[in-house]
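Annotated features in TrEMBL:
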DOMAIN    38-289  domain 'G-protein coupled receptors family 1 profile'
TRANSMEM  23-44  transmembrane segment
TRANSMEM  56-80  transmembrane segment
TRANSMEM  92-117  transmembrane segment
TRANSMEM  138-163  transmembrane segment
TRANSMEM  193-212  transmembrane segment
TRANSMEM  233-257  transmembrane segment
TRANSMEM  277-296  transmembrane segment
Amino acid sequence: MKDYISNKTWDIDSPEFSLPISISFWLLIIFNVPSLICSLKLLYHLIIDNSLRKSLNNHVIIALLIIGLFSQLIDIPFYLNFLRIGYVWPKISLSCLLWWFSATGISNITNLLMAWASIERHILVFHGRWLRTKNRRYFIHYIPLLTIILYGFIYYFIILLMFTCENMYAYTEDWCLHPCYYNNNNLALYDTIVNSIIPTPIISFFSITLIIRIIKQKQTLHRQVQWRKYRRMIVQLLSISALFLFFNFPMTCIVLAQVCGLPDDSLGQLPFYTYYLYHFVSLLMPFVCLTSFPEIQKKIKQMIKFKKPINIIRPERNIIH
């Protein structure tokens, strides 16, 4: 998603950059620390709890949370450090490669996973019989999920490290400017359209049609959807999709406009703000996911209560000498 945006640089000290650096910096820190803790807590319970781990609708959530850790542990810290000192540190090629992968690669893998989650919810809710056998579950559920993840990691490993061009590492520019594969118009266009733009309308379409199908099914006397059975996974998807589209849609529109030939100069600092807001997809995702797991919320609350110090009041004893 950031390929086209990364081709334009911004002077963070410019008057046009109206959001103070200190606010940008502390806002990300304030959200990133609890978000990281929430992600780890969620992943721990989703993996340890046998029933939650085996539930098919939770697998894409686990994948999204794990992928989100790359953003929380690599992309955001690099971005915070750049805001703090004004250049990429440490000044080595690995820093830029990691930042490119965690910014562009991870965001696009998230896009693809969200698109698949939107499609898969229709299968889980309306076509559960497709997943009754082990072989069908492998072909319809596990293979698509693993294919998306492997595709993302292999694709960005190849174009960042093995593509036949030489990367130029601009340590004084945000995101080290951009990887060299962006100079290949065909590859940059494929990456932007397929991995960045297309998932957004897919998510929108399948989320809206899910709501429409639920309403229609509930109104049909002969084929009622068991709302209580599927309510969690439906609300879970719609809440995550709403979060994703709210922060991702503006950047998708800007990237699409740039692909269609809109001059960068006409956008001013707007691309920077859309990228900044996109960070909140990974930052808020764990909290949105947590709301759909009341059993995990209960365990976390019990853990917090257990850790609170208990003040024991002891009666004073009169010592007779």
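In case you wondered, yes, glycine gets a Cβ from its N, Cα and C as well.
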*Proximity of the transmembrane segment (193-212) to the transmembrane segment (277-296), 3+ C-beta pairs under 8 angstroms*: no
*Residue list, the transmembrane segment (233-257) vs rest of chain: Cβ under 8 Å, 6 or more residues beyond ends.*
1, 3-5, 57, 61, 64, 110-111, 114, 117-118, 121, 124-125, 192, 196-197, 200, 203-204, 207, 210-211, 214, 267, 270-271, 274-275, 277-278, 280-281, 284-285, 288-289, 291-292
*Rank 23-44, 56-80, 92-117, 138-163 by Cβ pairs under 8 Å to the transmembrane segment (277-296) and hand me the top one.*
23-44
_Which residues of the chain, 6 or more past the ends of the transmembrane segment (56-80), have a CB below 8 A from one of its CBs?_
25, 28-29, 32, 35-36, 39, 42-43, 46-47, 88, 95, 98-99, 101-103, 106-107, 109-110, 113-114, 116-117, 120-121, 124, 131, 137, 141-142, 145, 149, 174, 232-233, 236, 240, 279, 282-283, 285-286, 289
*What is the pLDDT of the domain 'G-protein coupled receptors family 1 profile' (38-289) when averaged and given as a whole number?*
91
